[in-house]
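What TrEMBL records for this protein:
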type     : residues                                                                                       : note
ACT_SITE : Asp291                                                                                         : active site, proton acceptor
ACT_SITE : Arg293                                                                                         : active site, nucleophile
BINDING  : Arg214, Leu215, His216, Ser217, Ala218, Gln235, Glu257, Gly258, Arg259, Thr279, Thr314, Lys319 : GTP binding site
BINDING  : Cys219, Cys230, Cys232                                                                         : Zn(2+) binding site
DOMAIN   : 168-333                                                                                        : domain 'GTP cyclohydrolase II'
Amino acid sequence: MHHVERAIFDLRRGVPVLIESDEGNRLVAPVEGLDSTLLAKLFDGAAEAPRLVLTDHRLARLGHTQRDTAGALVLDATRDSREAIIELACAPSATLDQARPLEPLSAGDAAGLHLMRRSLLVPAAVVAAPSERMADELRRRVTVNDILAVTAADVALHYDAVPSLLRRVSEADVPLETAERSRFVVFREPDGLREHIAILIGDDMQWADPVPVRLHSACLTGDLFGSLRCDCGPQLRASVAAIAERGGGVLLYLAQEGRGIGLANKMRAYQMQDEGLDTVDADQVLGFGKDERDYTVAREMLAQLAVEHIDLLTNNPAKLDAMNQKPIDVAGRSSVFGPLTDQNRRYLATKATRAGHWLDAILAEPDDVPVSK
């Protein structure tokens with residue numbers, strides 16, 4: 001499994017990875033960070049034309065109407081430069097030539113796409129089936145640890161095993177402004193990329209039943225810098241105060257920046273929003289769904305804390321559905337709001353209309369409303 005973890009870091013550095021499967025080996029290179037030299041090597045050393053692997057969301061954005069799954073576009077060395085490939089992968093204005101061959105994913109393609117997501121890169125990859133000459137070179141480079149080989153099966157296992165391998169690594173008391181009795185418990189995912197924090201508020205021996213619980217996805221811009229583009233910072237502080245007022249409970253601070261797409265992709269999406277797209281469409285341009293978060297980790301954290309019967313503080317129906325699974329029982333729900341501003345009104349309205357968030361109470365208000373209720 002450690003090979004998969006190393007593969008994630010190699011891909012984040014722009015280094016291609018060899019993925020092995022019964023269907024044949026594939027050399028996978030991330031589109032993010034792709035340079036012309038590497039692209040030329042992929043074209044030159046492939047047994048057949050390399051392919052651009054894209055998610056179903058990106059293909060839909062490109063105008064492809066015949067698929068609702070990820071697919072692979074066959075590339076052409078005569079027209080597909082580095083710039084053209086990047087445009088196909090993540091440019092808002094790009095369209096798809098319907099005559100361009102689109103093929104189903106191989107096991108190696110699918111594993112490559114999983115790794116791009118796990119690496120928090122743009123979910124797009126150039127994938128080549130090595131020619132005999134390239135295969136010989138790759139075997140030599142793998143032998144001397146110059147390039148990494150992983151199996152598609154191991155990638156799939158890693159993707160599924162992350163929550164069960166979550167480790168509780170450290171903890172300490174951290175008094176907060178509105179909750180002086182608070183304890184931070186840090187959980188680490190197996191590849192080391194993400195650390196999640198459970199904030200235990202109040203005396204756990206005196207918590208109500210069901211236990212008040214809030215899932216808060218990390219938002220650097222809102223939580224730390226007070227960004228007006230979202231309501232995350234005020235929601236975070238309101239949640240801590242609300243849990244403290246109810247005698248204590250748990251706030252899970254989850255490393256899921258940008259609804260799970262990562263900080264770099266979030267900034268890309270912000271730029272597109274400034275150019276007229278809403279938050280859902282901007283994420284789709286990059287190849288993501290309207291919400292890429294997986295709350296299995298949150299359920300595992302609560303299970304390790306022996307918290308199973310909860311009152312969930314959320315406006316998000318997807319969180320409610322995701323958390324109401326064994327071993328967690330959601331016995332109730334409470335709303336938690338941040339202030340409505342000129343800068344975040346469109347963002348919140350999009351979450352309500354396109355993701356079904358329960359925000360009618362705040363969107364009906366012309367001015368700022370209380371941050372919790």
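Just so it is clear, glycine is given a Cβ too, placed from its N, Cα and C backbone atoms.
Thr314 (GTP binding site) and Cys232 (Zn(2+) binding site) have their C-alpha atoms 12 Å apart, to the nearest angstrom. Reported as a whole number, the C-alpha separation between Glu257 (GTP binding site) and Cys219 (Zn(2+) binding site) equals 5 Å. The binding-site residues close to Asp291 (active site, proton acceptor), defined as a CA atom within 10 A of its CA, are Arg259 out of Arg214, His216, Cys232, Arg259. Taking the Cβ of Glu257 (GTP binding site) as centre and 10 Å as the limit, one finds 20 other Cβ atoms among all the protein chains shown. Summary for the recorded positions Arg214, His216, Arg259, Arg293: the Cβ-based neighbour count within 10 Å is maximal at Arg214. Cα spacing between Arg293 (active site, nucleophile) and Arg259 (GTP binding site): 6 Å, rounded to the nearest whole number. Within 8 Å of the centroid of the Cβ atoms of Cys219, Cys230, Cys232, where the record puts Zn(2+), the same chain has further Cβ atoms from Ser217, Thr221, Gly222, Asp223, Ser227, Arg229, Asp231, Gly233, Gln235, Leu236. If you count neighbouring Cβ atoms within 10 Å for each of the binding-site residues Ala218, Cys219, the highest count belongs to Cys219.
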